[in-house]
Amino acid sequence: MEETTKPQATTERPASGEAAPIIRFRGVHKSFGDKVILDGLDLDVPEGQTLVIMGPSGTGKSVTLRHVIGLMQPDQGQVEVWGKDVNQIARKELVALRKRIGYLFQDGALINWLNVGDNVALPLRENSKLDEAEIREKVEHKLELVHLPGIWDRMPGELSGGMRKRVGLARALITDAELILYDEPNAGLDPEMSGSINQLIAEIADTLGITSVVVTHLQSCVRVVADRVVLLEKGRLVVDLPRDEFLASKHPRVRSFLGDDPD
Amino acid sequence: MFRAIQETSRMYGARVELLFEAVMQLHGTWRRRSQIADQLYVAGVQVTHVVLLVGLFAGMIMALQTGLYLAQLGQQDQIGVIVALSMAREMGPFITGIVLAATAGSALAAELGTMSVSDELAALEVMSVDRTNYLVMPRVVALAIACPILTIIADGIGIAGGGLVASTSLNVELQLYFITALDALKSPGDLIALPKDVYSGLLKAFVFGIIIAVISCHAGITTRGGALGVGRATRQAVRDSIITIIISNYFLTWLMYQA
């Protein structure tokens with residue numbers, strides 16, 4: 001699939017911190033044993049922006065994403081989403097918050113004994129009062145949105161890596177999420193499928209106006225989906241730039257990182 | 001040593017907490033009926049042939065071992081009593097518990113462990129699906145039902161196996177064997193007007209089913225570290241289930257026959 005570069009929109013967007021961000025990290029520290037993963041991370045994500053987090057493996061990209069949705073708690077510091085401290089709010093509020101957020105896991109994380117339709121329908125069956133006909137209609141619509149119509153009865157084991165991610169994305173979108181978190185959406189995919197996933201992420205962000213945070217190490221993904229790019233290293237932000245400035249940056253860490261990019 | 005005791009205490013505390021959470025989710029039993037039925041099939045129907053085989057030979061071994069000694073005393077007519085009481089009180093629930101721990105318990109820990117390392121449990125959390133309600137409670141209910149049913153099957157086939165040995169190797173008439181065996185099981189308990197030796201065994205099986213389910217679910221959902229972690233969780237589930245079954249068996253026996 002031919003990849004199209006997303007039009008540069010960063011100059012029209014507020015820079016980090018200028019408008020009330022929907023995600024706000026303040027002095028976030030996280031360690032696993034002696035290994036420091038996040039070391040006083042400060043990060044803002046304004047509404048409507050697609051932020052790409054890049055960085056070497058083990059530098060805390062996925063950990064950052066997991067803090068947003070409360071899957072991990074910081075040792076120190078604050079993570080606010082829509083003005084609420086994710087680690088201080090009551091369970092009920094966290095559940096309500098999570099309904100507004102979609103999360104695409106690296107391998108889709110589909111429940112292996114449920115077919116595609118039931119996987120996508122799961123959040124609605126568990127947490128909504130919609131009847132079965134309404135659920136079916138919504139699921140089919142989301143499957144069409146990710147270009148996978150008519151595969152309701154297929155089992156996760158029968159799907160390719162790219163299809164699993166698309167189904168995972170349909171599930172992330174099923175509650176009409178306002179914020180989508182993508183954890184390595186291109187991992188394990190061939191270049192063609194990877195490009196197709198990039199296009200889909202950009203398409204969803206543009207057509208639905210969803211705020212997105214994408215963790216990746218691929219330059220091709222940055223070109224297609226990003227409004228803004230941050231480079232994480234040793235649990236800290238070392239670069240925070242609009243996409244085109246990032247790609248043209250002469251910062252030694254950016255050049256070194258992009259130079260190693262297999263793409 | 002102190003750290004090992006501390007770690008074991010912490011782990012059993014977490015398991016008791018998980019059991020409590022599962023009990024608090026019992027109101028959702030009807031909603032989860034299809035998952036409970038699926039688990040009953042896995043932990044019940046698919047394990048029946050193993051219980052039949054092990055139960056049969058357990059009864060035969062018991063009849064042969066005790067029968068040879070009783071024959072020396074000229075008391076081989078009592079073999080039915082010994083086999084029936086041993087199977088109903090101890091051997092039936094015990095061997096069913098061990099078989100279930102090794103088959104259903106290990107499968108359960110591996111299944112949930114794989115879900116844990118492949119982010120499926122995290123996905124449930126993100127979707128605000130309560131994992132205790134969705135995964136643990138149906139499995140606890142299924143094993144609490146399956147274990148007593150399988151124990152009845154083990155008891156029956158064990159007593160039948162004992163009869164086979166008694167009639168072929170010990171010259172005990174088959175009819176006499178079954179009459180003495182059934183008579184031995186008829187004495188009612190103090191609390192319930194049912195044969196005490198049968199219901200005490202079934203009560204043990206009920207507890208063993210819950211123990212296996214809770215320990216295996218806990219091992220599964222706390223799995224970390226990829227395929228190696230899944231293997232570790234499975235081993236831990238089977239080991240701890242068997243140890244806990246044996247220890248709890250002593251206390252249940254003491255409670256029902258000594259206290």
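Keep in mind that glycine also has a Cβ here, set from the backbone N, Cα and C atoms.
Quick look at what TrEMBL lists:
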TRANSMEM  B:40-64  transmembrane segment
TRANSMEM  B:94-113  transmembrane segment
TRANSMEM  B:134-153  transmembrane segment
TRANSMEM  B:201-221  transmembrane segment
TRANSMEM  B:241-257  transmembrane segment
Residues of the parent chain within Cβ reach of the transmembrane segment (B:40-64), under 8 Å, 6 or more residues beyond its termini: 79, 82-83, 86-87, 91-92, 95-96, 99-100, 103-104, 107-108, 139, 142-143, 145-146, 149-150, 153-166, 169-170
The transmembrane segment (B:241-257) vs the transmembrane segment (B:94-113): 3 or more CB pairs under 8 Å: yes
Beyond the flanks of the transmembrane segment (B:94-113) by at least 6 residues, Cβ under 8 Å: 42-43, 46-47, 50-51, 54-55, 58, 121, 135, 139, 143, 146-147, 150-151, 154, 204-205, 208-209, 211-213, 215-217, 219-221, 223, 229-230, 233-234, 236-238, 241-242, 245, 249
Same-chain residue ranges lying at least 6 outside the transmembrane segment (B:134-153) that approach it to Cβ under 8 Å: 18-19, 21-22, 25-26, 28-29, 32, 35-36, 39-40, 42-44, 47-48, 51-52, 55, 92-93, 96-97, 99-100, 104, 108, 112, 115, 124, 201-202, 204-206, 208-210, 212-214, 216-217, 221
